[in-house]
Amino acid sequence: MTAKSKFRGSFTALVTPFKNGGLDEAAFRGLVSWQIAEGTHGLVPVGTTGESPTVTHDEHKQLVEWCVDEAKARVPVIAGAGSNSTAEAIGLAKHAEKVGAAAVLVVTPYYNKPTQEGLYQHFKAVNDAIGIPIIIYNIPGRSVVDMSTDTMKRLFELKNISGVKDATANIARVSAQRAAMGEDFNQLSGEDITALGYMAHGGHGCISVTSNVAPRLCSEFQTACLKGDYATALKIQDKLVPLHTNLFIEANPAPVKYALSLLGKMSNTLRLPMVELSEANREIVRQSMVHAGLLN
């Protein structure tokens, strides 16, 4: 992958399966292979949905290695490599590059609330340390800071900054970022429910939670959007809206892990402080899967 590579389509923000207190390698590899077979365009391990805050650094690196190995270059792997410590982010990014990831996803530093200049210097330091594309992960709802379009424009002048995973849920940002950086700046939605509007405004794809359980539908949806076939995309969206909504009925990834357990893909196990989906909401998620045609 060149630094300004194009990333297009449906990218799955992979969950992390656990078993007996550790990682479930077989379930994780099985999920990766199934995703590719179902048409997913790319894979994103150890992000928010992958419970990155509660895996150890060694586990984080192991998950990236397994994902790259199982993908076998059939689709790009955009490895989660974020931290609120610049040194840690650089270490994770270097490891991802070393083991063959196509790119890294680097979240805006959380909790310590850097200024826009601090954000610039953080991403510049990661940029200067590696030679593969970097996708900025802008998620102010979790990190508390919102990277401005002006800061993104400055960063896009660097050789490895390739685009953004936009989890602001502000569709107007797509047009503003497109005007500032042009069509070569990869714009990937981080919000399943608004992805249709995001694509219509000029987006290039989605890093999706829903595609964990509905990879084929999400792939077909993105393919239709990229072709400009919004009539087909809308029909698929109608199937997916209950899932898009109810996979966030409680904190992610509890609902999506429960959904995957219904498909027999893995156990419904999370690490504290995340807990399993409550009994009260399980039938709601199941009915959303029925609506999408994933269960009878």
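Cβ atoms are placed via backbone N, Cα and C, with glycine included.
Features as listed in Swiss-Prot:
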type     : residues      : note
ACT_SITE : Tyr137        : active site, proton donor/acceptor
ACT_SITE : Lys165        : active site, schiff-base intermediate with substrate
BINDING  : Thr49, Ile207 : pyruvate binding site
SITE     : Thr48         : site 'Part of a proton relay during catalysis'
SITE     : Tyr111        : site 'Part of a proton relay during catalysis'
Checklist entry - CB neighbours of Tyr111 (site 'Part of a proton relay during catalysis') within 10 A? => result 9
Checklist entry - Of all the recorded positions given, namely Thr48, Tyr111, Ile207, which is spatially nearest to Lys165 (active site, schiff-base intermediate with substrate) at the Cα level? => result Ile207
Checklist outcome for this item: Within the same chain, the residues at least 6 apart in sequence whose Cβ is under 8 angstroms from that of Thr49 (pyruvate binding site) are Ala13, Leu14, Val15, Val209, Asn212, Asn252, Pro253, Val256
Checklist entry - Where Tyr137 (active site, proton donor/acceptor) and Ile207 (pyruvate binding site) are concerned, what is their Cα separation in Å, rounded? => result 10
Checklist outcome for this item: Rounded Cα distance, in Å, between Ile207 (pyruvate binding site) and Tyr111 (site 'Part of a proton relay during catalysis') is 23
Checklist outcome for this item: Between the C-alpha atoms of Tyr111 (site 'Part of a proton relay during catalysis') and Thr48 (site 'Part of a proton relay during catalysis'), the distance in angstrom, to the nearest integer, is 15
